[in-house]
């Protein structure tokens, strides 16, 4: 896992060049969840498994999002979500009940379908299916979360001194392939003196300050939008015990 985190850091610093590194390896570097083993023999079983219904709030959001986008074409995703969340909170219980009742009805249908579906499976198939569903759920949850955070404009994490150096030197580095270029940059970094590295250390510290300031602003927006679930754990704890947020 440490290796994967290290590679992600380098690729983030490279931007498009990082994608080239992956292409040179034959495929893009996957997220850690992509390496979860999924038994292929049950893929067709999972494909025919009934899908869970979406929540009442998600139904409302999906219904309202196109409307809000059409009315506010230049609005940021965070602003749209904030407005939809506000509208949902202010929605009368009688109107919320429409979405809640629709969800309950779909959930009942889902339970009946999943019950009939499991009756057709052997015990070993059920065990393997449950494992595959969990694995796919974790992978999908991670991908969805990452996509959502990108759409919501979550600030990019600060770069290390080494990643700052890679971003600056990669294009001009010697090598016929992206892998060779990266190897050259890595060796050059190792050969830098402490005084030469000082510049990149300073830039990395500045980037860390940038990240802290942007995260503070972003999390304030998420609190206003009713998305406290996206806050960092330390911020959640401070809010829970009534301490200052920062």
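Note: Cβ is positioned from N, Cα and C throughout, glycine not excepted.
The transit peptide feature in Swiss-Prot is assigned to 1-42. Taken from Swiss-Prot, the feature DNA-binding region covers 50-118, 155-219. Look at Swiss-Prot and you will find 55, 56, 61, 160, 193, 195 tagged as phosphoserine. The annotation site 'Intercalates between bases and promotes DNA bending' is assigned in Swiss-Prot to 58, 182 on the grounds of similarity to another entry. For 122, the entry in Swiss-Prot reads phosphothreonine, with the evidence type similarity to another entry.
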Structural state of residue 195 (phosphoserine), classified by DSSP into three states: helix
Local confidence of the DNA-binding region (155-219) - pLDDT mean: 94
Among 55, 122, 193, 195, the most crowded of the modified residues [Cβ within 10 Å]: 55
Spatial separation of residue 122 (phosphothreonine) from residue 193 (phosphoserine) - C-alpha basis, Å: 65
Whole-number Å value for how far the residue listed as 'phosphothreonine' lies from residue 182 (site 'Intercalates between bases and promotes DNA bending') (Cα to Cα): 51
Whole-number Å value for how far residue 195 (phosphoserine) lies from residue 56 (phosphoserine) (Cα to Cα): 58
Residue from 122, 160, 195 whose C-alpha is spatially nearest that of residue 58 (site 'Intercalates between bases and promotes DNA bending'), among the modified residues: 122
Residue 122 (phosphothreonine) versus modified residues 55, 61, 160, 195 - nearest by Cα: 55
For residue 182 (site 'Intercalates between bases and promotes DNA bending'), the three-state class that DSSP assigns: helix
Protein Cβ atoms within 10 Å of residue 160 (phosphoserine), excluding its own: 18
Count of other CB atoms lying within 10 Å of the CB belonging to residue 58 (site 'Intercalates between bases and promotes DNA bending'): 12
